[in-house]
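Chemist: The structure follows.
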Amino acid sequence: MAIFAMGWQKPDNVAGSSAPAIMVGLFVATGGLLLGYDTGTINGILAMKSFKDHFSTGYIDGNGQPGIYPKESALIVAMLSAGTAIGALLAAPLGDHYGRRRSLIGAIGIFVIGAILQVCAYNIDLLVAGRTVAGVGIGIVSVLVPLYQSEMAPKWIRGTLVCTYQLSITMGLLAAAVVNILTYKLKTAAAYRVPIGLQLTWACVLALGLTVLPETPRYLIKRGDKNAAALSLSRLRRLDITHPALVEELAEIEANHQYEMALGPDSYKDILFGEPHLGRRTFTGCCLQMLQQLTGVNFIMYYGTTFFNNAGVGNPFKISLIMQVINTASTIPGLFVVESWGRRRLLMVGAIGMAICQLLIAAFATASGSNNLSAQNKVLITFVAIYIFFFAASWGPVVWVVTSEIYPLKVRAKSMSITTASNWFLNFGIAYGTPYMQTNSAASDESSIDLGSKVFFVWGAFCIVAVGFVWCMVYETSKISLEQIDEMYERVDHAWHSRRFEPSWSFQEMRDLGFSDGGIPPTQQLQQQPQQPQQQQQQHHQQQQHQLQVDLQQSQSRTSNSSTSQTDTGGSNNTGASQDDKLVASLGNIDLSY
């Protein structure tokens with residue numbers, strides 16, 4: 001498979017096969033294509049002459065040609081972000097009630113409705129409505145895809161797998177840039193309707209594919225369906241349900257969930273203002289998502305073609321295509337080092353690199369003024385390209401990785417919903433405000449300022465802030481399980497000490513000793529417990545295996561009553577097949593064979 005060819009190898013001490021989980025995670029990651037493609041198409045469409053001719057409401061640009069008012073272009077771009085913010089907030093109740101997989105299918109259905117409205121739009125109002133509806137679907141996808149990936153992925157490749165969501169976003173941006181180049185010279189409505197309509201193709205493929213994928217084991221444990229969780233995990237790891245490694249992983253997931261439930265019911269108030277470590281995690285996730293936007297990347301992604309055109313750069317469509325190629329290719333190095341370097345180091349290096357590039361662009365533009373525009377454009381293109389490299393290799397994918405890992409199971413969907421919504425709310429502000437930062441007020445008859453390349457002073461300053469924030473607040477979550485991340489937040493007081501964290505107890509041990517009041521792990525008591533001899537550990541595994549077998553047999557016996565009338569000659573084998581089919585059906589009528 002391609003992912004192994006790129007250099008990732010399963011550790012020798014990991015039982016079974018990770019191939020099914022990797023293939024599932026890679027397919028689900030392509031949900032990012034919807035976001036990337038939609039973002040990329042609007043970047044080029046706003047600069048298309050045919051689009052401006054069809055949708056202009058009387059505005060004349062500096063060249064005396066029909067154009068779009070800044071407030072109108074701001075609405076067209078920003079209302080997608082408004083919709084995504086709404087969708088992100090809806091993702092938690094939907095994902096917890098209907099499951100991650102079914103909610104993703106529903107989200108794609110919403111996106112399809114929005115895309116159809118955009119294709120059929122004949123005025124700005126209908127176009128804005130379509131982008132808002134499509135945004136709701138994308139917002140749900142942006143929460144549930146990383147959540148789905150993190151909950152089903154093996155820990156040794158979890159970060160890399162979640163990074164592929166960002167890779168899919170960049171591939172969508174690149175595809176949109178290619179399509180825009182192929183259609184922008186058309187003089188009919190096909191110039192912009194073809195790029196918009198093409199996104200329906202992959203949306204339908206993704207929705208159909210999701211119907212045959214498994215629900216995540218952690219969600220099934222949260223729902224109380226241990227038998228379905230065992231079967232789902234066995235198919236994702238290619239292990240028998242009684243294999244010690246699978247039993248251990250499933251038991252730890254279940255014990256962790258029982259520990260969280262022992263703390264009492266959760267609410268949005270508890271997530272924000274409850275336990276200190278939970279509030280810290282929420283604050284970390286929200287700030288990371290907001291800082292990702294404040295790096296200024298969507299200034300380039302939304303308005304790059306228009307910005308390069310206003311700066312006097314020749315052939316801005318080709319320059320935007322080059323930037324998207326760099327964006328896509330530069331995401332791949334991040335996949336390689338997200339596990340070996342770790343999340344903290346990669347985020348800090350990326351922020352430092354972006355800050356240097358942006359401040360150099362702004363400083364050179366300020367020093368040169370209106371002189372030597374050719375040299376300014378060369379500096380602009382060069383350092384924007386390097387800046388995109390640093391973003392794509394670090395803050396692009398890694399923010400999604402961290403925010404999908406740091407929350408406990410019982411509030412994971414709610415917390416990711418809040419943090420992702422914070423990303424989209426700020427995305428809306430940037431998308432809406434940018435036209436006013438790049439338009440001459442005399443030409444537009446609106447209150448605006450023409451910062452030009454000096455806007456990079458703003459983005460560069462926030463990148464410097466990002467370096468300090470990562471050092472102080474972001475814990476290192478690589479190479480440990482989602483359940484061990486909970487232990488780390490309980491025990492490690494400062495983020496800069498997190499790289500030295502070593503798990504010392506499990507939630508199974510805590511359950512055996514009894515959860516203490518307030519949910520604080522009985523660390524001292526655990527440390528005082530003598531290590532279990534190998535014979536006792538084996539006996540413990542055998543007991544867990546036996547209990548799983550009993551549970552599954554009971555489940556099978558309840559669902560196989562209708563098969564008892566089969567003949568003695570073939571009844572045994574047929575009943576076994578029937579039982580397995582019905583147990584698979586308990587996962588939601590999905591095919592788990594790989």
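Cβ coordinates come from backbone N, Cα and C, glycine included.
Heads up, here are the entries from Swiss-Prot:
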COMPBIAS  524-576  compositional bias 'Low complexity'
CARBOHYD  ASN372  N-linked glycosylation site
REGION    512-594  region 'Disordered'
TOPO_DOM  1-13  topological domain 'Cytoplasmic'
TOPO_DOM  35-73  topological domain 'Extracellular'
TOPO_DOM  95-103  topological domain 'Cytoplasmic'
TOPO_DOM  147-159  topological domain 'Cytoplasmic'
TOPO_DOM  181-193  topological domain 'Extracellular'
TOPO_DOM  215-293  topological domain 'Cytoplasmic'
TOPO_DOM  315-318  topological domain 'Extracellular'
TOPO_DOM  340-345  topological domain 'Cytoplasmic'
TOPO_DOM  367-378  topological domain 'Extracellular'
TOPO_DOM  404-415  topological domain 'Cytoplasmic'
TOPO_DOM  437-454  topological domain 'Extracellular'
TOPO_DOM  476-594  topological domain 'Cytoplasmic'
TRANSMEM  14-34  transmembrane segment
TRANSMEM  74-94  transmembrane segment
TRANSMEM  104-124  transmembrane segment
TRANSMEM  126-146  transmembrane segment
TRANSMEM  160-180  transmembrane segment
TRANSMEM  194-214  transmembrane segment
TRANSMEM  294-314  transmembrane segment
TRANSMEM  319-339  transmembrane segment
TRANSMEM  346-366  transmembrane segment
TRANSMEM  379-403  transmembrane segment
TRANSMEM  416-436  transmembrane segment
TRANSMEM  455-475  transmembrane segment
Chemist: How about the transmembrane segment (416-436) and the transmembrane segment (126-146): at least 3 CB pairs under 8 Å, pairs 6 or more apart in sequence, or not?
Modeler: yes
Chemist: Are the transmembrane segment (346-366) and the transmembrane segment (455-475) near each other by the rule of at least 3 C-beta pairs under 8 angstroms (pairs 6 or more apart)?
Modeler: yes
Chemist: As a quick check of your reading of DSSP, tell me how many residues in the topological domain 'Cytoplasmic' (215-293) are helical, how many are strand and how many are coil.
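Modeler: Tallying H, G and I as helix, E and B as strand, the rest coil: 62 helix, 0 strand, 17 coil.
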Chemist: With pairs restricted to those 6 or more apart in sequence, evaluate whether the transmembrane segment (104-124) and the transmembrane segment (14-34) have 3+ C-beta pairs under 8 Å.
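Modeler: Answer yes, regions in contact.
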Chemist: So, by DSSP, how many helix, strand and coil residues make up the topological domain 'Extracellular' (181-193)?
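Modeler: Here the numbers are 7 helix, 0 strand, 6 coil.
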Chemist: How about long-range neighbours of the transmembrane segment (126-146): same chain, 6 or more residues beyond its ends, C-beta under 8 Å?
Modeler: 28-29, 31-32, 34-35, 38, 42, 55, 75-76, 79-92, 94-95, 100, 103-104, 106-120, 162, 165, 400-401, 403-404, 413, 416-417, 420-421, 423-424
Chemist: Compare 14-34, 74-94, 194-214, 379-403 by their Cβ pairs under 8 Å to the transmembrane segment (160-180) and return the stretch that comes out on top.
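Modeler: It is 14-34, which has the most Cβ pairs under 8 Å.
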Chemist: Within the topological domain 'Cytoplasmic' (476-594), what mean pLDDT does the predicted structure show?
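Modeler: Over the topological domain 'Cytoplasmic' (476-594), the predicted model scores a mean pLDDT of 58.
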Chemist: On the DSSP side of things, how many residues of the topological domain 'Extracellular' (35-73) fall into helix, strand and coil, could you say?
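Modeler: Going by DSSP assignments, the topological domain 'Extracellular' (35-73) contains 22 helix, 2 strand, 15 coil.
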Chemist: Going along the chain, which residues at least six beyond the ends of the topological domain 'Extracellular' (181-193) come within the CB cut-off of under 8 Å?
Modeler: 41, 44-45, 47-51, 54, 119, 317-318, 321
Chemist: State the non-local partners of the topological domain 'Cytoplasmic' (147-159) in its own chain: residues 6+ outside its ends, Cβ under 8 Å from one of its Cβ atoms.
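Modeler: Distant Cβ neighbours of the topological domain 'Cytoplasmic' (147-159) are 8, 10-11, 14, 18, 21-22, 24-25, 28-29, 95, 100-101, 104, 165, 214, 216-219, 236-237, 338-339, 343, 398, 401, 404-405, 412-413, 416, 477-482.
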